[in-house]
Amino acid sequence: MDVEKVERKEVEVDDDGRVRTGTVWTATTHAITAVIGSGVLALPWSVAQMGWVLGPIALIGCAYITYYTAVLLSDCYRTPDPVHGKRNHTYMDVVRSCLGPRGVVVCGLAQYCILWGTMVGYTITTATSIMAVVRTDCRHHRGHEAACASSGTMYMVVFGLVEIVLSQFPSLEKLTLISVVAAVMSCTYSFVGLFLSAAKLVSNHGARGTLLGVKIGAAAGVSASTKTWHSLQALGNIAFAYTYSMLLIEIQDTVKSPPSENVTMKRASFYGIGVTTIFYVSLGCIGYAAFGNAAPGNVLTGFDEPFWLVDVANVAVVIHLVGAYQVYAQPIFACYEKWLGARWPNSAFFHHEYAVRLPGGGGGRAARFTMCKLVVRTAFVAATTVVSLMLPFFNAVLGLLGAIAFWPLTVYFPVTMYIAQAKVAPGSRKWVALQALNAGALVVSLLAAVGSVADMVQRLGHVTIFQTQL
């Protein structure tokens, strides 16, 4: 009899017919993996732009806002009741349930802009990391004063070609292996960056940096306008590093109940964002203390020795981004291919499948594709690579991505959906506080966007197009 009860418990399904086994600890792990990414490499530079006063405040402030809006979003997983309502399996489903079709259109535009922008950012970051490996090895063999400049143009083109090949594989973003590799690689380069920064700080025999960050003046080589744009851009970098809301609902959808999913997810968000914040503040502040106002845009490019460890970290970045690129690209492919297929239902270009036998496939294994998939995906990745070559500015691109994502996806939609879900009365204290948060986040996003775009425009006047340098 006891055995029968155990078996029934093991196959027990949820109200939507699925079996969920996630706990607060698996959700916490997913949350940490979702938050920590290549944006962490820009944190010492970001703190350097704002200094010892505003830098840590920005890091902790963005963390608190991310956590608070995550709590609001957790209550919207089920609608209209946060405990017994209908499940929403994705962020877009929540928007549809709470705000209707018009909200879905706006949210979709924001999400797909972020996805494509991240693909551009990943292309630039990969080239930067490969250039760092080449320069580090060159200086190790020729001496640290050797001129070891290299162009990242070829590396971006090669990366684009690799992604064109990978883009032909179906549903690559659903492979568990990619998530595992991404987690291992992101932890590798993040901890190596923290370790090297701490080692440099110890060797300096004292912390560097100033209260207000990079100084203005001829001696410092930074104009007042550059200081302003970089400080605003740094806000966007920090906001990008805390990108989390887009994946929260998908993580919550893996959690079993009881206790209710929103209770578990709130705890997981607290632990996950808490651990991430401790790490971010540590890397941002220790990196700034080690380099001072001369902190590099990508912290890993500031080290030459031990060359093998620096190489390991940069190679980890490349491996992470090769797979992560497809995680962001595949939803875009699926979206436009679905639309094109419905628009021309009888066209062989969109619907006729071709099969190419794979070497050693044996039992009829073959790669299947349509001409639309082959031509349009190739053109899309190629166009993304060209844009990356035209705008090879690591910090400015990250800042712009953070600005685009922070207000709409991290603050506006969670706050607006919570107000609709919880029926918060207009004019009440809670409503006023939430709208104030909304307005404040909008101002921060606009300032970060202005700073990033202004910096790009300023830099374009001093660079040769299609020539990427460290």
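In case you wondered, yes, glycine gets a Cβ from its N, Cα and C as well.
According to TrEMBL, the protein carries these features:
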type	residues	note
DOMAIN	20-457	domain 'Amino acid transporter transmembrane'
TRANSMEM	24-45	transmembrane segment
TRANSMEM	52-73	transmembrane segment
TRANSMEM	109-134	transmembrane segment
TRANSMEM	146-169	transmembrane segment
TRANSMEM	175-197	transmembrane segment
TRANSMEM	270-291	transmembrane segment
TRANSMEM	307-328	transmembrane segment
TRANSMEM	374-394	transmembrane segment
TRANSMEM	400-420	transmembrane segment
TRANSMEM	432-454	transmembrane segment
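Away from its own ends, the transmembrane segment (432-454) comes close to residues 65, 68, 225, 228-233, 235-236, 239, 396-397, 399-400, 402-404, 406-408, 410-412, 415-416, 418-419, 424 of its chain (Cβ-Cβ under 8 Å, at least six residues beyond either end). Packing against the transmembrane segment (24-45) from elsewhere in the chain are residues 59, 121-122, 125, 179, 182-183, 186-187, 189-190, 193, 197, 234, 237-238, 240-244, 247-248, 251-252, 254-255, 264-265, 267-269, 271-273, 275-276, 279-280, 283-284, 286-288, 290-291, 295-300, 317, 320-321, 324, 394-395, 398, 402: each is 6 or more residues past its ends and has a CB under 8 Å from a CB in it. Residues of the same chain lying 6 or more positions beyond the ends of the transmembrane segment (374-394) and with a Cβ under 8 Å from any Cβ of it are 42, 116, 119-121, 123-125, 127-128, 152-153, 156-157, 159-160, 163-164, 167-168, 297-298, 329, 332-333, 336-337, 340, 455-456, 459, 463, 465-466, 468-469.
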